[in-house]
């Protein structure tokens, strides 16, 4: 057993008390990202090592692996704790998103170690989609690079508001305060182009030597701020969904017997309470919450992130993919939306194509009407393109086969985030973040002349690959 865990169990007074304390600690999900060889995996290995989260057999295995694959001479190569794939160890790079868990007395953490290479942008976007904070690692010798800008942009695009800029390898620049300040100013100048209200913090460190990671550095007396671990332990995460209106996407209708009908799902925003009047969308039918059921017993209320089963006072028609909101709130159904897309397939995204999409438990179909632009994620410029290639990020217009109740992604990632699914292979080919739900911009049929209506039907019959919309309101 890990000696630190054994000590904590003894301190808490037994296994049950320890597990109870662990369960009620706050959880922080964060990712590490940066350019190739900036030391992301080494930093995570250092965090695990210095917080004593490594078991004895892991430490023994690490000694052996360091001799075979290590890059640090006689020292332990802490990066090997995270780089688990054989290809990663042989190449000395991170390819897949590697997840690790550790905890301190103050908090629990889930780390996503994401790839630094541009060709693995989709992997990084996947890792960032569930995180609250991003650690942007920089090599003190190189400063702000294109990949640093790219990772900053992707992180903020996916809703991350807290950025910790970790200036690594300070030991290679003689722990120079001047170098650190120059990099700090360069990044703040660039960060002015990023969207939203960002919380940006800076920590100079050496992941290899352990300076300012979990222990205050004796080599940088000029830095009086917190260590990286202290930042992670004490930072207050602003979760927008806690302050948002109620959003409860129904994932499953639970009917084990004739006497029970519940709607299972995870609260995606706001708070639901017993007795609260709710409205089911898209039907608009109202009822009130009779019970909030969980495995551990009934609750009086449930907040964002809690998985519960709601029992309503009335038996109304609700199915998987429907959305429960507060009865006093309105959420308009829209047929189209402007969506930021991260494309993940070898086959590029082309206007006119249709895909299955999944959003908050609901599955439907969408057509790509237009690609406004692709973002050059190395310098944040926009360029007009005919298609969106693998790892491309751009703004597109989508038209849905049926009206959907959507939020902006920055307001609610669950009801504003979607995935694209290839209709033939059933493979996920892209991720989308709703920037702006759009009301139906099409004219009523009566606004078109008889000639326009006839021409529209002719085009749809003989040129279906053009993807022309039915002006009479069909699909």
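Quick reminder: no glycine exception, Cβ is built from N, Cα and C everywhere.
The shown structure was predicted, so the numbers you read here are calculated from the model rather than taken from an experiment.
Record features (Swiss-Prot):
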- 34-41, 113-117, 168-171: GTP binding site (BINDING)
- 25-241: domain 'tr-type G' (DOMAIN)
- 34-41: region 'G1' (REGION)
- 92-96: region 'G2' (REGION)
- 113-116: region 'G3' (REGION)
- 168-171: region 'G4' (REGION)
Cβ neighbour count (within 10 Å, all chains shown) around residue 114 (GTP binding site): 27
Around the Cβ of residue 34 (GTP binding site), the count of other Cβ atoms that are within 10 Å: 25
Cβ neighbour count within 10 Å of residue 37 (GTP binding site): 17
Within the predicted model, mean pLDDT of the region 'G3' (113-116): 76
Where residue 37 (GTP binding site) falls in three-state DSSP terms: coil
Number of Cβ atoms other than its own within 10 Å, given for residue 40 (GTP binding site): 31
For the region 'G4' (168-171), the number of residues DSSP places in helix, strand and coil: 2 helix, 1 strand, 1 coil
Local backbone state of residue 114 (GTP binding site), from DSSP in three classes: coil
